[in-house]
Amino acid sequence: MVADFDSGWYEGAGDELGQGARNGVLRERLGGNEKAQVVRSRRKAVAWNVLMVLGLILYVLYSACFAQARQWWRTNGMARGSQAGRFQLVQVHHHGVGAEHATHLVLDVDAEFRKEAAAEYSVFALHGEGQELWPEAGRRRAANPFEYAYALREERATVVRAQQQVPEFMEPYLDFALERPDLAEQIKMDWGYENMFVPNITDKETVISLALMSSNAYVRLPNTGNWRNVTSWNSSVEGDQIHLGWDENGLRAHVFANEDRSVVVLALKGTSSQVLPGSGDDDETSANDKLNDNLLFSCCCARVSYLWTTVCDCYIKSYTCEESCLESELRRKDRYYQAGLDMYKQVLAEFPDASIWLTGHSLGGALASLVARTYGVPAVTFEAPGELLATQRLHLPQPPGLPNQLDTVWHFGHTADPIFMGTCNGASSACSIAGYAMETSCHSGKSCVYDVVNDRGWRVNLLHHRIHTVIDKILDDYDAVAACVPPDICHDCYNWNYVRWRDGTTSPMPSSVASKPTPTPTSPGSPSSTCKGRNWFGYCTEYA
């Protein structure tokens, strides 16, 4: 029994010891698995960290390479691959000014008109008339301006634009800003980023084509065509009245469009004057052109000296001018700025789905810039006088803190043009002798300047202002387009004192301590008072 007992106990103990060993082995295996799992987790985490670091490095390298590739594409590939199409003249607009300011006529250009215009232009060219209005170089020399096809390239750009920059809002806003500029400054517009198609101003052919469109606006029109009145003003336009676009009472613009009407270019005509060669004949709109030039680009109504006849009655005394009067004169319904706004609205109504660009030469370029500023659309100008002062006087909207690269107004010019550079002033200048007070030099937007004085040895001369000289001898001749950069800080008419109202106050509302009421502003189109007499020094001695 002892043996049996010992044997049973041994077997039972063995079973217990075996179970314990197995449990130990199991625990050891489980512990090993946990350690292996921890090791695998750590390795996986390290691998992910390494991948993240590598991904970040690749992203940085890719971003740098992509930025360079994008810049190359914008300057090379985009220029070749963003063809906006072939543009032709599709409409001619005439807007009356002065007593005829309610007239707005539109001529739709068709095949019959092109044929008649080509025949008349050939006669003009044969007799040497208007030969300075159309470029003479290359394939354009024998081209018919009314049938010429222009090549433009576009690119999509991000611009800053207000939601309110539409005709329904802007004109009432400008009228309100004219009467109460202090309150208008408190109106906060909803500025935001917007993608739109703009002209590719790095492409040489595009810049030349826009300059040609500006030149086309000068070319004489035949006295025929089916003009239609697009205003509510009831008038009959018959016979010789059809050629209103060429008399002294109007502003003209030519409208160009591509094949699918997705892009439309509005080219505004510039100044016609014999003293400005290459800008039209002296009897074509010259009187009102000169008046609007002196309003837009002088410090105070073209008051250069007591010998000058002013174009408005805002001058008070030596180097003192009534600012509210100047603003009212610019906003009058019979001035060119209002005519430009009406033309843009009509083009927008007839081409509602198109991207609208503006261009022009000289006065036409300045007007194109002002209209573009009003509605937040692109404009490319050529040899335009400084229009920044007019932009401020008209209270045109400017986005706060606008980055320079987002501006869509480009001014092309060269250093030998005294009008573009703002040096055509002074008693002995050609502009002053001809009665033009071109006293401004500051431009808004970007300036694209060809330094022909240093590059080509040109001398500053008014003859270099003409459009076909710019196209034939500069835009065509230079290998690359001039770089467009923001202009330096500039101030026009710094020595003038501008008072808000004629009695010297700066606010249209009377203050609490005022001893007499402040004059209220008059409606646009009429100054607050009229000077009836001045003394020898130019001081106004009697008011109407």
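The backbone N, Cα and C atoms fix where each Cβ goes, and this holds for glycine too.
Features reported for this protein in Swiss-Prot:
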type	residues	note
ACT_SITE	S362	active site, charge relay system
CARBOHYD	N200	N-linked glycosylation site
CARBOHYD	N229	N-linked glycosylation site
CARBOHYD	N234	N-linked glycosylation site
REGION	508-530	region 'Disordered'
TOPO_DOM	1-45	topological domain 'Cytoplasmic'
TOPO_DOM	67-544	topological domain 'Lumenal'
TRANSMEM	46-66	transmembrane segment
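A distance of 21 Å separates the Cα atom of the residue listed as 'active site, charge relay system' from that of N200 (N-linked glycosylation site). The Cβ of N229 has fewer other Cβ atoms within 10 Å than any other of the recorded positions N200, N229, S362. Cα of N200 (N-linked glycosylation site) to Cα of N229 (N-linked glycosylation site): a distance of 34 Å.
Under the DSSP three-state reduction, N200 (N-linked glycosylation site) is assigned to coil, being neither helix nor strand.
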